[in-house]
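> As annotated in TrEMBL:
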{"type": "DOMAIN", "residues": "219-521", "note": "domain 'Phosphofructokinase'"}
{"type": "BINDING", "residues": "Gly226, Arg290, Gly291, Gly315, Asn316, Gly317, Thr318", "note": "ATP binding site"}
{"type": "BINDING", "residues": "Asn316", "note": "Mg(2+) binding site"}
{"type": "SITE", "residues": "Gly317", "note": "site 'Important for substrate specificity'"}
{"type": "BINDING", "residues": "Thr344, Ile345, Asp346, Met389, Gly390, Arg391, Glu445, Tyr497, Met498, Val499, Arg500", "note": "substrate binding site"}
{"type": "ACT_SITE", "residues": "Asp346", "note": "active site, proton acceptor"}
Amino acid sequence: MCCSPASLCPPGPTTTPPLRRPPRARCVEGRGAASEYHSAATTRSLCSTPFPHRSPVLRPRRRIPASPSSARVAAALVHTASVAAFNKGSNFIRLFSFKCQRVHLQENKKACSTKFQEDWDKRFNLPRITDIYDLKPRPTTFSLKKNRSPAGDENGTPMDKWNGYVNSDDRALLKVIKYSSPNSAGAECIDPDCSWVEQWVHRAGPRKEIYYEPEEVKAAIVTCGGLCPGLNDVIRQIVFTLETYGVKNIVGIPFGYRGFFEKGLKEMPLSRHLVENINLAGGSFLGVSRGGAKTSEIVDSIQARRIDMLFVLGGNGTHAGANAIHEECQKRKLKVSVVAVPKTIDNDILLMDKTFGFDTAVEEAQRAINSAYIEARSAYHGIGLVKLMGRSSGFIAMHASLSSGQVDVCLIPEVPFTLDGEYGVLRHLEHLLKTKGFCVVCVAEAAGQELLQKSGATDASGNVILSDIGVHMQQKIKMHFKDIGVPADVKYIDPTYMVRACRANASDAILCTVLGQNAVHGAFAGFSGITSCICNTHYVYLPITEVITVPKRVNPNSRMWHRCLTSTGQPDFH
């Protein structure tokens, strides 16, 4: 047993009560597990152990009988002396004990990290069509060598093969910040010590070996959900890359999942010539819709059409649908690769730096904020109010407020607020009108829903239809300033459909190009049930199952939200 204090105490006379072993150390809130005595706490994973601020102090207890005889008094004196000696001269013992605790603590941390790493690798292992088929790969048909290097050197020796391929073992780190404390801004820790664990994900790109014969492939593209800048850019790049591999049979499914089962909707043949310039316009060349038939009906259609690759462009709901299609195809043992491309202006899909359409949405939202600023500044006691999209997150509102620099109040669903009362938004607007003469308010559409009456209705995709916080705030602001006898000129702007329907800006166009190309590379590599995305500035593949668990939301403790608060100067509204 590691450095047991009892073993160092001299035994007393036979009539002396035995020295009690120090109490078994237990894990209590705010303390770590002591290692002198084995307990369930010491084998428990550190992922569930509170932060070890200090080690328990071990103190043998003094015990003297109530009616001692002379022998017992002598024995008690020996016992007391031994305890005193232990407590007085135990610096070395306690130091050694602490080191033992640290060793066990480190072992537990290592075990926890190892378990987390194993679980991570298992969760982020990409599903493949080879999971159900015993397929042998063939050399890829994708090569840009003809555009990059001469056929041979001056001696006539053939040049080495093009080295632009991604090795199947290449990985990218999902996270790069090592937090030292759970209290650090935006900290994401696996245990109370914020142990560092390398979270590797699969790097995206073309492989040297593929699992399809390109001339036999039929590929289909479908765009689902609402409109989003960049849809046509992704469609265009998927077609271009498929043709580079040698695929001749490429079709578009019109109007989302509805195109698989709705009578009268026929698939649309696609080619490089047809899609060459579709990126110059907004919207979707194939059309969009929400909702759809049962998964089994969609897979029936995929099977009947003999589709080998399905590229699905959409947000959280569409990704969930794509994963259901992938699982049904595997259940039926169909050789079909289902690859998703994340599309949402809300930027609310887990683990990703951003989704395509988000940058353009922020840029367009900034224009609306600028218009509200001009209107408010030009009016006496002007108040500019802008409602931006964000069904479950406030990323657009936060980033647009930061980029414009003209917003005085930014309200997002992740941070509760009140309108009335001493610390409410309306009181702060009074202060702004007194000090500045005007103000600009930016609110995400999902913010403040707890202040509104819920309808309980849902759209075709099953999403809850939100109450209109913008109109509610407009009415509350007008009523409040009328009641206190202060004139206020409220200018309300809702740029929702202007933001969705525009063409992708330069940043989104590049992102769409890479995501579309990588989606095709992933399908030819034999992956299925994956999404092509950007994480930690690198392009990677993630299993769809890992990104659809919950929507991504703004962390109120993140540095980005703190930056927004610094820019607006707004107080807490609760």
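Glycine residues also receive a Cβ, built from the backbone N, Cα and C atoms like all the rest.
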> Residues with Cβ closer than 8 Å to the Cβ of Arg500 (substrate binding site), same chain and 6+ apart in sequence?
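Non-local contacts for Arg500 (substrate binding site): Gly226, Leu227, Cys228, Pro229, Ile345, Ala361, Met389.
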> Between the Cα atoms of Asn316 (ATP binding site) and Gly390 (substrate binding site), find the distance and write it as a whole number of Å.
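Asn316 (ATP binding site) to Gly390 (substrate binding site), Cα-Cα distance: 13 Å.
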> Comparing the binding-site residues Asp346, Glu445, which residue's C-beta has the most other C-beta atoms within 10 angstroms in this structure?
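Neighbour-count leader: Asp346.
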> Check the Cα-Cα distances from Gly315 (ATP binding site) to the binding-site residues Thr344, Asp346, Gly390, Glu445, Met498 and tell me which is shortest.
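Spatially nearest to Gly315 (ATP binding site) by Cα position is Thr344.
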> Pick out which of the binding-site residues Gly226, Gly291, Gly315, Gly317 has the most other Cβ atoms within 10 Å of its own Cβ.
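For the binding-site residues Gly226, Gly291, Gly315, Gly317, the Cβ with the most other Cβ atoms within 10 Å is Gly315.
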> How many other Cβ atoms are found within 10 Å of the Cβ atom of Arg290 (ATP binding site), counting all protein chains shown?
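Counting Cβ neighbours of Arg290 (ATP binding site) within 10 Å gives 18.
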> For the substrate binding site, please report the maximum Cα-Cα distance among Thr344, Ile345, Asp346, Met389, Gly390, Arg391, Glu445, Tyr497, Met498, Val499, Arg500 in Å.
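For the residues that bind substrate, the greatest Cα distance is 17 Å.
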> At a 10 Å cut-off from the C-beta of Met498 (substrate binding site), count the other C-beta atoms across all protein chains.
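I count 13 other Cβ atoms within 10 Å of it.
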> So for Asn316 (ATP binding site), how many other CB atoms are inside 10 Å of its CB?
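Result for Asn316 (ATP binding site): 25 neighbouring Cβ atoms inside 10 Å.
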> Listed ATP-binding residues Gly226, Arg290, Gly291, Gly315, Asn316, Gly317, Thr318 - what's their greatest C-alpha to C-alpha distance in Å?
12
> Sorted by position, what residues of the same chain at least six away from Thr318 (ATP binding site) have a C-beta under 8 A from it?
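Result: Cys224, Gly225, Val312, Ala340, Lys343.
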> Same-chain residues six or more away whose CB lies under 8 A from the CB of Gly390 (substrate binding site)?
Asp346, Asp348, Ile396, Ala397, Ile412, Pro413, Ala444, Glu445, Ala446, Ala447
> Within 10 angstroms of the C-beta of Thr344 (substrate binding site), what count of other C-beta atoms is obtained when all protein chains are considered?
29
> Whole-number answer please: how many Å between the C-alpha atoms of Arg290 (ATP binding site) and Met498 (substrate binding site)?
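Computed Cα spacing between Arg290 (ATP binding site) and Met498 (substrate binding site) is 19 Å.
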> List the Cα distance (Å, whole number) between Met498 (substrate binding site) and Gly317 (ATP binding site).
23
